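Q: Heads up, here are the entries from Swiss-Prot:
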type     : residues                                                       : note
BINDING  : GLY800, PRO801, ASN802, MET803, GLY804, GLY805, LYS806, SER807 : ATP binding site
COMPBIAS : 41-50                                                          : compositional bias 'Acidic residues'
REGION   : 41-70                                                          : region 'Disordered'
REGION   : 127-146                                                        : region 'Disordered'
REGION   : 142-272                                                        : region 'Mispair-binding domain'
Amino acid sequence: MKQASISRFFKKVSAVNKEKVDQVKEVEKEAEVDEVLDLTLDSENDEEQQQETPVLEPIDGEEHPTVSKVPDLNDSRLLQKQKILNASKDITNSVDVSAFNEKLKDIMNKRKLGRIKGSLIDESDEIAEQSEADEHNIKKKRKKSDQLTPLDRQVKDLKLGNMDKVLVIRVGYKYKIFAQDAIIASTILHLQLIPGKVTIDDSNPNDSKYKQFAYCSFPDVRLKVHLERLVRSGLKVAVVEQSETATTKKFDNSKAKTSVFERKITGTYSKATYATNCEFEVNHENILGTNNSIWALDIEVSDSIYKYYLWSIQLSNGEVIYDSFEESKDNFSKVETRMKYLNPSEIVSPVVDSFPIKLKKRFLDLQLCQKNYDILAEDLNIPKKELLNNRLIELWHILYRYLKEYSNEKLLNIGSNYRHFSQKISIQLQAQTINNLDLISNDDSKGTLFWILDHTRTPFGKRLLKEWLLRPLLSKDAIVDRLNAIDCILESANSIFFESLNQMMKGIPDLLRTINRVSFGKTSQREVYFLLKQLTGVIKHFEAHKDYIEVEINSNSGAIKTKSTKLASIMTQMFEFSLSSVIPQLLLMINVSAVMEKDQKKQLLGFFHLNNYDNSENIIKMQRDIDSVKAQLHDELQNIKKILKRPHLAYKDEVDFLIEVRNTQVKGIPSDWVKVNNTKMISRFLTPRTKELVELLEYQNDLLYNEISKEYDQFLNRIASYYNEVKTFIMNLAEYDCLLSLAAVSCNVGYTRPVFTDSNEQLIIAKQARNPIIESLGVDYVPNDIEMEKDSGRVLVITGPNMGGKSSYIRQIALMVIMAQIGSYVPAESLKLSVFDNVLTRIGSQDNILQGQSTFKVELSETVEIINSCTSKTLLLLDEVGRGTSTRDGNAIAWALIKYFVEEEQCPFILFTTHFTIVTTVKSPLLKSYHMNYVQHKNENENWTTVVFLYQLKAGVTDSSYGLNVAKLAGIDTHIINRAHDVAISYKNDTEFDTNMILFQKVRNILANRTTARETLKVLLELDV
């Protein structure tokens, strides 16, 4: 129906002049049908059609319409058709009618084939532009670049300056993506691609067939959805907006008149910057990019060593990390550890093309960007410059210039955000330890230690708790301070001050992310309001409990201060900020009703409470100018009433100021009145005077909008001037949130406060300890004791059947140490321990095909790294080392490794699980042997022994792994297991007297030569495996 309507319209446009009057009448009759049909122009706009439709701007490349403002979507369609009709009159005067007819037929054929999709606005643009091109082609042949429409020429200029970005450009109601960007976007967004030039520079041979760029488009209300999809696909996306309106273009004489609107980039987005730079309302916590960082990385490559220089910036929390470190060319554990901590999503580097292949394989999921900028004078003010080497300073400039592309460079100027990656006050857990112990997961799913500990109430508190977990404390005093604070919170939980504060924190959004967005000037009005409101709420809470704070917290004899200096310090700092903060005054300057409006333009226009805002003079003056124009429009209405002799006449609305007249009374209308639109019953008009005043009113409204936009930016700058104070306040609140979360953990049944020894001697002694992760999953976990001391049980060798609980046991010890050193209660009857300087693990069996490493190569590489990293205060978990190779080789490696450690002066605390019982033959007072207990029995028709796991640690060694029992549990047929049992017995008899085991013979030779354990291990590790 719609196609037929449009087809009839265009046929009438191409008719001879004597039919023009009839054509206009026919168009008017069809208007009502088209009003409905045009609402279905884009299937993606189904949900948004109910929203208020914005005013259409004039088409790029056309003259401005005679009416300054189109009242609504329905009326606009007819007006656009009338403009096409007027354009056709000019065309028929200068171009042969038959040629123009052919052009129209071609367009209609394309539409029938589904190759053109768009509104009458797009189509009128196309007719005008193509006919203009035809006219010029008649006069002379133009160059390819000159054949572009004014809009396409503007697109080309924008794209040439931003070749690394996908440009999403506003054109009227829609956003369009052109040329090569359109090819990519149409595939990702599943949008129809309109044929045209697919390259900006006409490098594609087929581009010569087209006069316009290929493009795809979507309604402006879908920008948020499509922008996030593009960014999730790993693209860097720039949004281009119109920076002027039709009215401003007409009245502003300071700029040269052009046929297109001025456009500029208003926002650039990537995975790491989306959360900070997006200007949409965010209704969920896990917005894209919240936890991602941007890296600037440089590498010095030598024959055997890579030296890394690193900057990392996390835009959501403002953290700036710097580091430099070395690794051997075949080892990337330090890089992987930093990736685990800092979670980069994009890396900028001057040497990306020179990255070693093995390193690039680790960055497969990241965006790599090669950049090398010249150092400019404006970049020279580097915070903490005295702590940086020359390579880091050069790399800082690259990061600064890169962030400037996103308008996020301001954070690099705040010295309080800087810190070195390796902090002496905490342990830097390695990536393999984090993975092997299931400390965290990328999606915060169940089955991790963080999932157990996380009872935080705020997003920024949650991030800080995760940082605490990955960085256990090294200072006993700092650990005890946290434990004391937890106890104090539990004892004070019933006080009105703490109870109210705890309830208030439940609804607080991500204030840390918001204050960083404010510093970038990227925040919506509603977001600013809620930032100030939430901060003011906490401030008012402290002010309301001033007496309690003075007596219980600030006083030296106060209950809080005597029990926990840490908790008292947090509360005191927050209280002092509350007394001096201007945040409540800034909140009063905001008009609450305006920021709750759905329309963003209304939010901005009404943002300031003018009675309270201290710089409202210009705004008030402009509002008076607008009121003056409206008064003149009402005066004009009185004249119109007299002309029409309708004393009760009123404007249709006070937006477009149209006069509605019944069609039966149209004959009495003055000839100079302009008909804007009509229906079957009425017609709407503008008088010459109202037309003039409406245009003036729009211009005044544009000036007001620009003025308030400037004032809003100044308001954000005013808030940002208190960035350090506000961030400190938020971080204090985050720290209290973490302590409150750990206090909730301490309430779990069977959890106890760990006790740290005053002596320097290392030990772990626990009664009835449990694995917190397995227990939390609903398993009835069997508790076990732990006893490891400096001179006895420093090395525990644990044997036992498969699935007997060996790995779970050693993991629970490491988990309890980490929990204790972040200041948490632990799952045990009691725990006494000393502070460990690291927790290292070698658990699991896996290969690394991408890096060309076998399972055993990975195992030995990690083992060598552990040997080089551990000290006498390190807790070391070794789970079945040697299982990645043959039994003989594995026996030898495991034995030599334990022999090496027990002879070392800096022997760490070791938990060693194995099926190689030869390890227990190592003689040393430091070593104790245990196994996981079980009972065994035989079933009928089964040659092998079936075991029942008791999961209890028992002194001594077990000589069988009972792997056939696991085969039964896995459902393997009994006949196969019986056969396997016979083979196992035969194999055992053959190997017991085998004196030709190569590696054992080498060990005997080494011992006979009285070599050291280190030399023994070195020989074994250098074997070709």
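Heads up, the Cβ atoms here are built off N, Cα and C, so glycines get one too.
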Q: Please give the average pLDDT for the region 'Mispair-binding domain' (142-272) in this predicted model.
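A: A mean pLDDT of 88 is what the model gives the region 'Mispair-binding domain' (142-272).
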Q: Determine the Cβ neighbour count for MET803 (ATP binding site): the number of other Cβ atoms within 10 Å of its Cβ.
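A: Within a 10 Å radius of the Cβ of MET803 (ATP binding site) lie 19 other Cβ atoms.
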Q: Using the recorded ATP site (GLY800, PRO801, ASN802, MET803, GLY804, GLY805, LYS806, SER807) as reference, state which further residues of the same chain have their Cβ within 8 Å of the centre of those residues' Cβ atoms, listed in sequence order.
A: THR913, MET932, PHE949
Q: So how many of the residues in the region 'Mispair-binding domain' (142-272) end up helix, strand or coil by DSSP?
A: 49 helix, 32 strand, 50 coil
Q: Counting other Cβ atoms within 10 Å of each residue's Cβ, which of the binding-site residues ASN802, SER807 comes out lowest?
A: ASN802
Q: Could you tell me which of these binding-site residues, PRO801, GLY804, has the greatest number of Cβ atoms within 10 Å of its own Cβ?
A: GLY804
